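Listed features, source TrEMBL:
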- 24-216: domain 'ABC transmembrane type-1' (DOMAIN)
- 26-48: transmembrane segment (TRANSMEM)
- 69-88: transmembrane segment (TRANSMEM)
- 94-112: transmembrane segment (TRANSMEM)
- 195-219: transmembrane segment (TRANSMEM)
């Protein structure tokens, strides 16, 4: 049980800045970089899987399908260990930071591609047909008509994926990245106060995710401001 004695309060005041610094230096950048790259990969994957590829080009679609299947069907921690600990056996070696970004990017890309693909498929085919009839190319239809609508549809699940990634970055501690969970572990080992330190780490995660949830709500309202309300 945590009692806020003088010694306990001193641990809190000395530990909190270190945990917050780790969040700013590692957790947040790792999340932003991985999610941005993962989102670009997801968009590319979704478009390729929906493209009417024929002949030998169907192999490309099959490769992307296999990528999505693989990363959606295996645990994130296993993926991280294979890339950081396993690939060196094949002569491919990454720094902990690079391995974490690659793993999180591929994982986000696989899951988010299904979100984006479903959002694109939710747009009525009549909009494609009408735009093509007006002389627009498929690329113009996709960029100007379909993707803006799909972005609004996919915003809630993609926001949830982003919040989930914030928490998943704690797995990077397993490959020696000193993010805020690792800092909590290190201080806990020195002070013998695991409950206190892990509670502080949980509090920081809670604050970050709560702020992101509030931001998500504002973004959803902003993107739906031009959508006609149904009576």
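Backbone N, Cα and C atoms are what each Cβ position is placed from, and that goes for glycine too.
Just so you know, TrEMBL annotations are computer predictions that nobody has curated.
Within the chain carrying the transmembrane segment (195-219), a Cβ under 8 angstroms from the stretch's Cβ atoms is held by residues 1-2, 8, 11-12, 15-16, 19-20, 23, 28, 155-156, 159-160, 162-163, 166-167, 170, 180-181, 183-185, 187-188, all 6 or more beyond its ends. Nonlocal intrachain contacts for the transmembrane segment (94-112), taken as residues 6+ away from its ends with a CB within less than 8 angstroms of a stretch CB, comprise 30-31, 33-35, 37-42, 45, 67-68, 70-72, 76, 79-80, 83-84, 87, 158, 161, 165, 168-169, 172, 175-177.
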